[in-house]
Amino acid sequence: MAIIEPTAALIEPTANKKVIVGMSGGVDSSVSAYLLLKQGYQVEGLFMKNWEEDDTDEYCAAADDLKDAQAVCDKLGIKLHTVNFASEYWDNVFEYFLAEYKAGRTPNPDIICNKEIKFKAFLEFADDILDADYIAMGHYVRRSDDSGQSQMLRGIDGNKDQSYFLYTLSHEQVSRSLFPVGELEKSEVREIAKEMGLITHDKKDSTGICFIGERKFTDFLSTFLPAQPGNIETAEGEVIGTHQGLMYHTLGQRKGLGIGGMKNSNDDPWYVVDKEMDRNVLVVGQGGNHPRLMSTGFYADQLHWVDRIGPDNGAKITVKTRYRQRDVACSLHYDGEDRVKVLFDEPVAAVTPGQSAVFYDAEVCLGGGIIDSLIRE
């Protein structure tokens, strides 16, 4: 079977341009390195270790990932460098993660990791130590320079598009980055890897948060944050159970509540519909469209726009308030320098403070911010 080629929308290759590829030991970065080599770039790999596990830790499996990354680089005939960003990760990603959970919010550490590690610390290391012209990652997004300024577009594979996780990039960072697999479907990426005999061709995609791995989330979090048990109440104020800590729950959560089979309730499942931090109460309601779970909009802060300007006030655009959510039509209204009010065209369920809201104009990722509070009216 013939090797599948990426489309011509990729950046024009130049033989004397050096690209440092973030080699994770997975299939996406493996194929990214192969495609860039095929396009004529000078390619070298860089493996990042971002978490210090002890000798008995089986969760992050950094040693296994490094072994796979080295095998791929050997197969492709390219050099592999290694770097330890564990200190930067702890200071800039993990401590933020803990602080947000302590405040009862639900953060997304992958977004902060991309901002602080993969496209900051990694880019600085590639520049200062490895003399890179570009960096490349195995993310499913695309880059376009048609407007005269680098823009980030959704990946071709809608199920794998990762623009949601990369909204904190600036157009300057996008202009220094290449995303070869963003032009392909995931199945095509695996096909290329298999055709080229890369050891990662059938390697399972990584899921979850790297520093937690296969451990139970509650067990991991309890080692860093003390549990604060409290009551579970219905939206009407009836106490129907207890929780071990608000940090273990998120809006829209259905499983793990331990409150099935309640008297005088219907057969609809129970959902987390609110977290009352001042009373340490977890509020639940029945049905995925419970009124307390719905919102007509939200306020967001910590804004970042890829073009450093942002859309016009009152712009009619779309937003995702969580990964793999369908686009939601909305209008955006500025509320000060670093805050926006976003109004949905139709009510949306389970919008969660602490999560990122990412805005789009058709295929273009405009940027986003952190959801601060909800509008229910």
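Note: Cβ is positioned from N, Cα and C throughout, glycine not excepted.
From the candidate list GLY77, GLY104, GLY138, the residue Swiss-Prot records in the ATP site shared with GLY22, MET23, SER24, GLY25, GLY26, VAL27, ASP28, SER29, MET48 is GLY138.
When Cα-Cα distances from GLY26 (ATP binding site) are compared across the recorded positions CYS113, HIS139, GLN355, the shortest belongs to HIS139. Cα distances from SER24 (ATP binding site) to the recorded positions CYS113, HIS139, GLN355 are smallest for HIS139.
In this structure, the CA atom of GLN355 (site 'Interaction with tRNA') is 14 Å away from the CA atom of CYS113 (active site, nucleophile).
Cβ neighbours of GLY22 (ATP binding site) (same chain, under 8 Å, six or more residues apart in sequence): SER29, GLY45, LEU46, PHE47, MET48, LYS118, PHE122, ILE135, ALA136, MET137, GLY138. In the three-state DSSP assignment, the secondary structure recorded for CYS113 (active site, nucleophile) is helix.
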